[in-house]
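Structure first, then comments.
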Amino acid sequence: MRKLFTSESVTEGHPDKICDQISDAVLDAILDKDPNGRVACETAVTTGMVMVMGEISTKCYVDIPKLVRETIRGIGYDRAKYGFDCETCSVITSIDEQSVDIAIGVDEALESKKGEMDKLDAVGAGDQGMMFGFATNETKEYMPMPIEMAHKLSRRLSEVRKNGTLPYLRPDGKTQVTVEYENGKPVRIDAIVISTQHGPEVYLEQIEKDIKEHVIKVIVPSELLDENTKYFINPTGRFVVGGPQGDSGLTGRKIIVDTYGGYGRHGGGAFSGKDPTKVDRSAAYAARWVAKNLVAAGVADKLEIQLAYAIGVAKPVSISVDTFGTGKMTDEEIVSIVNKVFDLRPGAIIRDLDLRRPIYKQVAAYGHFGRTDIDVPWERLDKVEEIKKHI
């Protein structure tokens, strides 16, 4: 049976991704000075303006306007002709402390209040909710091919802009890849869509030629392309006005880009700007860590795990898995292995993945999962041998 599946990515200059990177820059700056700081930082951008808001409890001081301007400069919005300038945009901040009611549940979990605790039971989940982790062996990154290819194309777009290969490119851009599957395995790429912001002096014909030569051919293996592959490069014909001048942006608006491109389910909680006591982030990272190690250990070819939490309670209220018919054992047996090998209380996740560190801005663009260009703890295959002992 053949089917098509499509995923998209965006560049670091996309308005929503600007916001994600600013929120995580603030988080990293606080964790660097105060590893126990509590951060829930949201950002909004529009023409000529950035607003940073949220709830932050910390003993340290960070210069938020300076962080905002440095982040925007690093992305590439450093002159007025790009429609957004790190030097002249206004920066508005509105920061409160974390709610005392939330802090009570995080600082002392329900298990602690009942006296049923060890040290790690003392950290309660920062909110209720469900988080999903996913892995598949269809790529070496253990990621679905559509999102993996889309991210690589987006990263390449920024690379050729920054290194001067295509100097007329500007920071905003999007990619989309449609993969054809046969009997559950990727066999070819059916369509590639790339929209990239550019200077007014360049024509579409030149952009199409350059993107195919310097982006697509460099990234996509030739054996996945054929005479029937369709290319859509700046299909509107012109993309000069972009970034926050073209669209307003918000933190947490690209949660599918951040994860599995729609191939795996999503619990709905965004990542950026949240410290690791927020299970929206830390438990989603842990779920990816669990799923990737299980697939690498040969438990299944494809696996999705769901974790669910109650606010102020340390232990997950439920754990479930789905192997989509590829499992080498029952789902119940896999859950049993998960409970034996992994400790999924928030305090244990923070400890085992060493999450109280400034490591988040680097994943705020081009995906939080499947990253081989950087070292992030939830991508490590450090539990494979232990899992195999239980198979």
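Keep in mind that glycine also has a Cβ here, set from the backbone N, Cα and C atoms.
Taken from Swiss-Prot, the feature ATP binding site applies to HIS14, ASP172, GLY173, LYS174, ARG238, PHE239, ASP247, ARG253, LYS254, ALA270, LYS274. Summarising the environment of LYS274 (ATP binding site), the number of other Cβ atoms within 10 Å of its Cβ, over all protein chains shown, is 27.
A 10 Å cutoff on Cβ-Cβ distances gives ASP16 (Mg(2+) binding site) a total of 22 other Cβ atoms nearby, all chains included. Under the heading Mg(2+) binding site, Swiss-Prot lists ASP16, citing sequence analysis as support.
The annotation K(+) binding site is assigned in Swiss-Prot to GLU42 on the grounds of sequence analysis. Sequence-distant contacts of GLU42 (K(+) binding site), defined as residues of its own chain at least six apart whose C-beta falls under 8 angstroms from its C-beta, comprise CYS19, SER23, VAL52, MET53, GLY54, LEU250, THR251, GLY252, GLY273.
DSSP gives ASP247 (ATP binding site) a coil state; it is part of no helix or strand. Sequence-distant neighbours of ASP247 (ATP binding site) (same chain, 6+ residues apart, CB-CB distance under 8 A): PRO15. According to Swiss-Prot, the feature L-methionine binding site maps to GLU55, GLN98, ASP247, LYS278, an assignment based on sequence analysis.
Per Swiss-Prot, the feature region 'Flexible loop' maps to 98-108; the stated evidence is sequence analysis.
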**OP:** List nothing but the one residue from HIS14, ARG238 whose Cβ has the fewest other Cβ atoms within 10 Å; the candidates are the binding-site residues.
**Re:** ARG238
Original post:
Any idea what DSSP makes of ASP16 (Mg(2+) binding site), helix, strand or coil?
Top reply: helix
Original post:
What is the pLDDT of the region 'Flexible loop' (98-108) when averaged and given as a whole number?
Top reply: 53
Subject >> Other CB atoms within 10 A, centred on GLY173 (ATP binding site) >> reply: 29
Original post:
When you measure from the Cβ of LYS278 (L-methionine binding site), which residues in the chain that are at least 6 apart have a Cβ under 8 Å away?
Top reply: ALA40, GLY126, ASP127, GLY269
Original post:
For the binding-site residues GLU55, LYS254, which Cβ has the most other Cβ atoms within 10 Å, all shown protein chains included?
Top reply: LYS254
